[in-house]
Structure formats: structure tokens, C-alpha cells
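Chemist: There's a structure below that I have some questions on.
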Amino acid sequence: MLGKIIAKLFGSRNERIIKQLSKTVKKINALEESMIALDDAALRAKTDEFRKRLTEGETLDDVLPEAFAVVREAAKRVLGLRHYDVQLIGGMVLHQGKIAEMRTGEGKTLVATLAVYLNALSGEGVHVVTVNDYLAKRDGGELGKLYSFLGLTTGIIVSGMDTEEKKAAYRADITYGTNSEFGFDYLRTNMALSPDQRLQRKLNFAIVDEVDSILIDEARTPLIISGPAEMNTELYRKLNELVPYLTLQKKDPNQEKRSLLNDEEEIETGDFSIDEKTKQVGLTEMGHAHIEKLLVEKGLIAENESLYEPKNIGLFHHLNACLRAHHLYHRDVDYIVKDGQVMIVDEFTGRTLAGRRWSDGLHQAIEIKEGVTVQQESQTLASITYQNFFRMYEKLSGMTGTADTEAYEFQDIYNLETVVIPTNRPIARIDYTDMIFLKQSGKYQAIVAEVKECLARRQPVLLGTASIETSELISDLLTKEGVAHNVLNAKQHAREAEIVANAGLPGQITIATNMAGRGTDIVLGGSLKAELDKLGADATEEEKAAVQEAWQKRHDEVIAAGGLHVIGAERHESRRIDNQLRGRSGRQGDPGSSRFYVALDDNLVRIFAGDRMAGMMERLGMGENDVIESKMVSRQIEGAQRKVEAHNFDARKHLLEYDDVANEQRKVIYNQRSVIMDAENIREMLDEMRESIVTRLITHYVPADQVRQNWEVAGLEAALLNEFGLSIAVEKEWLAKEPDLSVDEIQKRLLAAFNAIDAQKRAQYGDDMMDWAGKYVALQIIDELWKGHLATMDMLRQAIWLRSRAQKDPKREYQRESYELFIDLLANIQLQIVRLLNHITFNAPNAESTATAAEPAPEASQSQSTNDATASQNPPITEVEASKVGRNQPCPCGSGKKYKHCCGKL
């Protein structure tokens, strides 16, 4: 109540921000006449003037009014477009590192040019992030003309480019690209083996287009560069054959009530249960016993073994994936099968996600289910989430048509404030109340009837669905009624530009899966620009005028019919996606309308609002084809959407809390790699590593606080020989001859022995060769051990929830154990680097191509959206034969302990 009173007196925070920025708009407008008076060369010279002023101590805010005025005038000359006042406000919001919410058709692409130009003046680079390659090419190409006119360079990053092309694009003042390519290139940059292999510069400033799609919808999708891993395809096939024998648990609501009233234990009636909200599967006690029996029959486990024994965890993992594949992931909803491949469908945009694969064996399980070729499982070499990648930019901002519903999440996770920018013209779209049906069959009949009504008055219709399955079902119904229409979904994405360009034609019916992120406005009367482009450069003015006249007639006809009518065939889980669909109509003050159709057996209502609502309507006598327009029911449906949004927000925040732990470790590792790569040589670093290893050897085997009888001298000698190739008779040569030899003296002699090996190799092969080998070995070892650490962290994260059974906080336990693992990793990196360099030999002096060893550091292959193996420019180093001891074998020192608990503990 108090907040409302304050808002009435002083205006909301959003209104105050707009009012404050409007003062700067007046300054920019006052400069317009002086900019018009400048010729092209003088306008271009302003860029150099601004850069000079910045070097002399002025800030970007100081030059903002004049810089924005320059961009506005340049856009008029190059693009034929003039920034509106509200677009200037949007540009300032982006420059301030905030999110600008601008309605569809308000010119977000043009708004970005203001903040892009201003921030590019610093010379530190600006990244403009789009949702697909098409938009990156389109915007980078068209707006690149504007930036070039003003003396700035523009680069475009798309998948499939070679390293040199990407390096050039990143060194441009402004770089356009997709969110995934920027993220993958960050990982590739930090997997480089030499400075000239790096792609990116410092992450300075990014403007994210469709920011809600990338930072919220994609937040739980990790970017992973992976290499091949071992996989047992036959195991998946055998487990897949078991699925039909397992029954899904169906709960009896009456039994549930009796259990609650009588405090009785609920009787389980199936082998497994599913949770459609979280897409997870759980085994019942009955199912556990049944599955073990089936596994014994298949010969997958022994007679008396349990599914939960450590060695069978892999079986359980694969079986879980098979059950999820059959019962929670559906063809033409979650994925499509095309050209013998299972392709994921983005639930928010309806696009296929080329190159993306589900993890945890799920993708392989779906491939088995669909009978297509099973592709190899992968092992993570490097990964990062979008959340942590974009938070690394010094300044981040974004644009979207629908951010206000997620404003709290943007503020809480990314520290980004959302500012709603006023529209240039008032919105004329009419949003009708939802039409609510008992069953989907009645809903679809009503949708077809409304489409036919619109067609009769030649009003274009955009019919939005949440899945390919629904889009094809409605398409079949319209075909039976003889209604011509276009379908835009993941299966027809090749015709996307053509379908969207024609969606505003009189009487045009377009069915589309989620239109979020399509990036192209639906123009009433069709796309005039597309028609003029078809004429080509040789077209006469008369031909252009004829096309313009024909378009104007169609445009007026559509406006007379009521503009674009949007029909939502179902409510999406997120209100934001519904708003994006609505926003396709009524652009730039055009007329339009929207209406959603909801059935009480739609997935959203059924899963999150329960059967209570449907039961109540049936008792009131509502039939399948009856329809109601009830604000109460609509509020309940919105309540269900809020539940889903809250659930998804919690999931994203939970993921971030865990990923933050890995992110801090990632920063340390990548910084260490960067220091090694940039150093002329790492002799000092290697000296410190040898000293650290000797200290650990002493502490472990001959600790100063223990009497000599408790020292493990044999273990020390074995570790020196097996790990580092040092044959030192500590007992016979040192301690037997010098009984009073101190621990400090032993430490000095051991360090001298390590340094002697390095000196010997430098004398033999030369400093240059050993300096190169030191850097190369260090980078390879870091990459190899980091890869294993990522796998261990992933397993820890999957299992850590079990700590809650012991009344422990899983998050704290994860933080504690991951820290211990990381300390072990850093120690092991030092050990392996020194160990390998002690054993390294070269067949010929100063011939880097002839280095040999016994354990080659594996070459990193990168695969996700592409399988672009980054081959090292230097030859792989292999290691000389040294004695090998298995981790679980008895330690050769004779202690009687396992090697991993003795000499291998280092």
C-alpha cells in the first residue's frame, strides 16, 4: 500500500528513469541541425575527435549526446532511418548496462547502434549477441555499412569459420555473433596452446538481443566442448528391451486419501513413477526387485547382486535414461527425427538445435528407442554455462520485447535492471479474454471455426502452438476444411524467411511453433522490402512504384480487416512466451488482436493446476464443446504459469549456485594457462614446482615431527624412482653413512637432485628446447587433468543430494568437497608436469618434431555444434618408458598398502 502511494506521488522507478533520460534526449535533439550541416567526411571525422577526447580524460558519458547525434545523422544517410526519441532513450539504457524492454516493431536493432558506436570508441571491442547465425549475418552486414561510414570495423562470427577468420572478426571494433559461438570461442581461447591460437580479446561490453531467450531460457544449457568417450551401445540395447516389461505407477486418489486418513502406508502398484514437472523417473520398491530379476535373466548382473552396488551404478544410470526416453521425451514435441538423426527441438523457439545433444546418456537412449544410428558418448574437455559466461563481461546489457515478467531474475542473478521503454505510438492491439474448453477436441474445433471467420474477411492469422505435434494436428484439421495455410516449425525451418515475409498478406493463415526469437517483423500487407529486393538493382523507378502501389493496397485491405489476428492454441509454461506471441501483432501502432484458447486437459493445466478445475467444470454440467470466458479460470491458469516460472527460476538459481563453485576453479585454471602461455619461459615456475614436490615428499615419507623409526624411507626411494626417474639410495648412501642427517639436509639434497636432472637436459638439448617443452607439457597436463576434474565434479554434483539423508546441507558439502578436489588437482598438476619433464627425451638436439615419451598427452578435440578438432601447432610429446603401477595394486615400496594410498597418494 505504501509503495503504491509513493509511486503515485513521485512516479515509479521506471518513470523516473525515463524522465531523467528525456533530459539528455533534448540535448541530442538540439545538436541535430549542426550534424545535418556536416558533410560525410566531417561526420566521419567525429569518430577520431571522440577517441582523442577519451584519451585526454573525458568519459563515454561526456561524449554521449554528441555521439548519439552523430549516429542518428549517419543512419539517416546510410540506412534511410532516423532514430525516434524513445529509441535514443533505449540506447542510453543499453549504454548504462541495463535491459531495455521494447515492444515488437519498435526498432531494437536500430537502437543497439547507438550504444554499440559509443562503446566501440574505447577500442576495447563490443560484442552484439544474436540468437542465430542468420540474424548475426543480417544485422552485422546491414549495420556494418553504418559503422564503416563512421570509421569503425565490423566482424561477424558464425559457426564453421576457420581460426584466422574468427581472430580477424574479434579484433574488429564491433563483433556480431551468436550466443553459442561467443561462449564456445571463450572456451577455445582458453584451450589454446600458444598465444597466436587465441581467438578473443578481453570481454569488454556485450549487448544481448532477445536477452530473455539467452539468459533465462538457455540458462540451464551448459556450453560443452567434448571429445569421444568409451560407450557400450549393446548395453543400451539390452536395457531398452527391458522397458516394455516395466509398468508405470498410477496413483489411486482414493487410496491416497485413505492413506492420509488412516496413516497407512500407500500401496505401490507399479515399477516406476514419473515426474512430468522435473522430467525425472523414480523406481518403486516393487520395481527395484522386478528390475533386478530382469537384469539377472539378461545376464547383466549376478544372481545375488544389487542394482545399487557401486559397480552397477552405470547400469542404473543407463536404465534411468531409457525410462526417461520412453516416458518423458516425445517425438515431434521434444525432438524430431531427420536424416537418421535425433534433433532436439528448442521448447521456447520451436527451432531445432543443430549439434546439441542431451547428456547423461539420454540422447543415446532416444536414438536406440527411435532405431537410428547411436552416436558416441562424449567426455567433457571444457564447459561453462551462459550464466557465468555473460557475467564475465565488464559491462552487459540486453534488449527484448518481454523482460518485465522476469525482471526480478535479471536483477537477482545478473544484476541487470529492466527498464520498460515507451512505445513510439500507442498500442492499438485488442487482447481478448481466453476461451476455455473442457477438452482439447472442442478447443481445436473452435480454433478452426475462428480461422475460417478471419479468412472470410481476408484477415491474416498467426496461429501459435507450443509443439510440432500440435501444429501438425491443427494443420490436418485446416486441410480437411479446405483452408490453405503455411506451417512454420522445426521441420520447415528452411522456408522460414519466406513464410514470415508472407504472414501479413490478406487472408494468409500461418501456423507456427513458438515465434520467440524469429527476429523478423510481420508486416501488414507482406514485406515490401522483400518484394523490392526481388526486383534487383536494375529495376526502374516505374517498376518500384508499381510494387509500392500494389503493397499499399494490400496493406490498407489488411488494416480494414482488423490487422494481424494472433491465436494461441495453448498457454505456454511461461507468460513471457505468450506475450511474445501476442507482440507479433500491433507493431508500430498497427491494429491487431489476440486470443488464447485453453482446454482443461492441456499439459500446463493438467500438470500444474491439477484435475480439480476440470472436475468442478464437469460437475457444473460443462460439455466438451461448451466454452466459457472466465477471469477466475484465467487467473488460475496464470497462477499455474507462475508456479512453473518460480520452479524454473529456482532450478536456474540452484544450478548457478553449484556452477559458481566450478566457475571460480575455472578462472584459476584458465588464468594459470594464460600466465604460462604468455611467459617467455617458465623456469622460475618449474623451480617452484620442484621445491613444492620435494616438500610434499618429505612431509609424507620423512616428516620432521616423527622419529626416524616411523619414516617410510623405502616408500620415498620407490616414489623417486617410479615417478621421477631418480635412483637415490637414501637409506644406504645417506642415512647409513650420516646417522645425524637432518630432514632439512635431506630436502636440500633431493631438490639438488631434481635440479641436476633439469640442468643435465638443458646441457644436452639446449635452453630453447627445454623452455618450449616446459610450456607445452604444462599446458597439456593442465588440460588433461582439468578434463578429469570436470568429470569428477559432475559425478560429485549428481551424488551430493544423498548427503541430505544424513541431515547435511548438500550445497555446503559440495563446496567443501569440490575445494578439496581442487587442491588435489593443483598438486597433481605440479607432480605430473615435473614427472614428465624428468622423463622427457629428444631423438635429436633442437628438433622439436622428434620428442618422444611413453604417455602421450591426448590431443583435444572440440565438438558440440561442430566437431572442429583444434590440432596443436606443436608436435605431441610422448614419454620414455617408466615402470607402471596400477592404482589399486600393492605399492612397490613394500609397505603393504595400495599404491593409491601410499606412493601414489601424491
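Cβ coordinates are placed from backbone N, Cα and C, and glycine is handled just like the others.
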Chemist: If Swiss-Prot gives Gln87, Gly105, Glu106, Gly107, Lys108, Thr109 as binding ATP, which of Asp521, Asp533, Asp538, Asp556 does it give for that site as well?
Modeler: Asp521
Chemist: Take the Cβ of Glu106 (ATP binding site) and count every other Cβ within 10 Å, whichever protein chain it belongs to.
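Modeler: Looking across every protein chain shown, the total is 25.
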Chemist: Any idea of the Cα spread of the ATP site, Gln87, Gly105, Glu106, Gly107, Lys108, Thr109, Asp521, as a max distance in Å?
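Modeler: Largest pairwise Cα separation, rounded: 17 Å.
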Chemist: Quick check on the binding-site residues Gln87, Thr109: which one has the highest count of other Cβ atoms within 10 Å of its Cβ?
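Modeler: Within the set of binding-site residues, the most crowded position is Gln87.
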Chemist: Let's check the environment of Asp521 (ATP binding site): how many other CB atoms sit within 10 Å of its CB?
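Modeler: Excluding its own Cβ, the number within 10 Å is 18.
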Chemist: Please compare the binding-site residues Gly105, Gly107 by how many other CB atoms fall within 10 Å of each one's CB, and tell me which has the fewest.
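Modeler: Ranked by other Cβ atoms within 10 Å, the binding-site residues Gly105, Gly107 bottom out at Gly107.
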Chemist: Cβ within 8 Å of the ATP site centroid (Gln87, Gly105, Glu106, Gly107, Lys108, Thr109, Asp521 excluded): which residues?
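Modeler: Result: Met102, Thr104, Leu110, Val111.
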